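Q: If you scroll down you'll find the structure; I have some questions about it.
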Amino acid sequence: MDIVLAAAADAFTWQALLAIVVGTWAGIIIGGLPGLGSVVGLTIFLPFTFGMDVITSMALLIGVYCGSVYGGSITAILINTPGTPQAAATTFDGYPMTQQGRVGEALGWATFASFFGGVLSCVMLIVGAPQLAKFAVNFGSIEVFALVCLAMLCIVGVSRGSTLKGILCGMMGFLFSMVGSDPITGADRFTFGQYALSSGLTLIPVVVGAFALSEIFVRFASRDDEAARIPEARLTFPGLRDIGRRMVELLRGSFIGGFIGALPGTGAAAAAFISYASAQKLSPRRQHLGKGEPDGLIASESSNNAVTGSSFIPTLALGIPGDVVTAMMMGAMVIHGITPGVRLMADQAQTVYALFVVLIIVNVAMLILSKPSIGLFRYLFKLPQGFVMGGIVMFSFIGAVSVRGNPLDLIVAAVTGLLAYVLRRGGYPLAPLVIGMVLGPELESSLRRGLLISRGDFSAFFTHSTIASVLFVLIALFIAGTLWSGFSQWRKDRAAAGTPAA
Amino acid sequence: MTSTLLHPRIVTAFALLLVGAGLSITAWQGPDDAMLVPRFVLTIWCATALMVLIGELIRRAPVAKAQRSPLPLLMAAVLIAAIATASLGFLIPALPLVALTLWLFRVRQPLWLVLGTLILGGGLWFLFHHVLLIRLPTLLASGLI
């Protein structure tokens, strides 16, 4: 108990609190700008931390990280353009709510779900980090393969009404992720002799192209249409009764995010899609998902923000960074004298607990700062549409090229933008493209590693462990359920077509 | 008949099938180990593209009347600016692209057009490249522009 109090005292210094406010606010703004996400935010703020003490510097960076994950939802809801890949699933229900004139409600639910997921994952981190780390170690390649297969099935759900087109876009995204060097053998794939393509295509340029640039083209095509105007951003927090009614969804999304974050190599975007897939099967209002249902927003936002806390579990407890962002955070920790790994809790327990306290304060700060941040976006989006679109073009270009500094990423963003516009006009849903690209690399590498472990015997996957077997049974049930509901719907439609109009 | 077949939805589905088939040939010619998953993915791609194409042919969506729009100009500008960045750096292609975007979105007053281009194009480039030190592609090796 003494150590927790000492850690809280470390976290509640004025320097740390100031760093949290500055970092979180900057993170929300950076996350809200298309193309700029956690990586760019951390890159901007990392050099400023060199002169700070450990807790203050980590408070600044954690603020930027958590703020940017939440900030991505603002533009996803307002203009159908996720600021970060983690917020791609937020567009499924967030933007339809905006089109229905429910902007305040959508932003309110996104903010509250982000806060709830973030705080719950901090509690999970404090209470169960060692246990969760031990359980996460049980997830080998085959279990991860089964989990990612289950998540991939959400492609069917997000492409309601055009399942075949959704699957096609999912495969396209999967194939995008395969361009470059093969992760196991190192052989070049789909590079067509171009050296620049050997490093592969990264997610951010594809998301920038698919959502931000294609949205500009769509808005340009309908620039005389009043319905295409950007609505005024406002925030209406849900009432206690509404929160109580959707508590199960909030808890489910947060636990899924908390658990996925603890698995190395998955990340917040994957967590959001997995959580959305589970909402499609388990939410009592699942028939409204994709049409502007807060449960979809809650699934996406609570899980992606829950990852921000739990992603520290493999980073701190095992010394394994889960993704690029946690790798950068780990680098910052090493710079400031914290050495993540199995000895960390024993050697620097006070510092670790101080980081946990900082995480909770960051989430509270995020809730408080959401209103002024959204106010800033309201001011920005009040500008004539030309300035907003010009700004989005610039931020998209900067965001696409800044992650790796590779001009190829800009060409990828532009080509994806053109392709996405054509696909949108043809009635193809774009979300599966991103789902395929997010989950594809993990699916492939876990399958290939699993095949190496089982000496090429795929049937061994089903009996490898209890966790894997349970996950494969869930996949079978999901497919059977989807086929059955499709068949029932077809029979209903047929019966309705056969009934003469009264 | 020809106009029905040239419907954008049919052309899109057909193009996707062709691309999938072309990539499949590349995948089947590549090494077995590395191309195991791509072959599987491309098989699903081609099968679904074929079914989508058949669906589009059966559905016979009404052909929309072609309208003149400057949208292809904006698309071409985005693509050209992206390609030019590799050789001209970030700033030089970004300025005309921002100016064109503003113009096409009806910011036509010269003062606002110039100010918007300078602030959004030049200002954001300066902020990220020189102030925040997020290095963007440059024309000169010194990194000045």
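Here the Cβ of each residue, glycine as well, is placed from N, Cα and C on the backbone.
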Q: According to TrEMBL, which listed range is transmembrane segment: A:48-70, A:255-277?
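A: That would be A:255-277, the stretch labelled transmembrane segment in TrEMBL.
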Q: So if I exclude everything within five residues of the ends of the transmembrane segment (A:106-129), which remaining residues of that chain have a CB under 8 angstroms from its CBs? That is, six or more out.
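A: Same-chain contacts beyond the ends: 66, 69-70, 73-74, 77, 90, 93-94, 97-98, 233-238, 243, 250-251, 253-255, 257-258, 261, 292, 294, 297-298, 300-310, 312-313, 316-317, 345, 353, 356, 359-360, 362-364, 366-367, 370, 374.
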Q: Contact between the transmembrane segment (A:163-180) and the transmembrane segment (A:461-484) is defined here as three or more C-beta pairs under 8 Å separated by at least 6 residues; is that satisfied?
A: no
Q: I'm checking region-level scores; what's the whole-number mean pLDDT for the domain 'DUF112' (A:17-435)?
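A: On average, pLDDT over the domain 'DUF112' (A:17-435) sits at 86.
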Q: Are there three or more C-beta pairs under 8 angstroms joining the transmembrane segment (A:135-156) and the transmembrane segment (A:408-424), sequence spacing 6 or more?
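A: Contact between the transmembrane segment (A:135-156) and the transmembrane segment (A:408-424): absent, because fewer than 3 Cβ pairs are under 8 Å.
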Q: Which one of these stretches, A:135-156, A:255-277, A:381-401, has the most C-beta pairs shorter than 8 Å to the transmembrane segment (A:163-180)?
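A: That would be A:135-156.
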Q: Count the CB pairs under 8 A between the transmembrane segment (A:12-33) and each of A:135-156, A:255-277, A:351-369, A:381-401, then give me the winner.
A: A:351-369
Q: Which bits of the chain, at least 6 residues beyond where the transmembrane segment (A:255-277) starts or stops, bring a Cβ under 8 A of a Cβ in it?
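A: Tertiary neighbours of the transmembrane segment (A:255-277) are 69, 85-90, 92, 117, 120-121, 124, 132-133, 135-136, 139, 144, 147-148, 150-151, 153-154, 157-158, 203, 289, 296, 299-311, 313-314, 318, 320-323, 325, 434-435, 438-439, 442.
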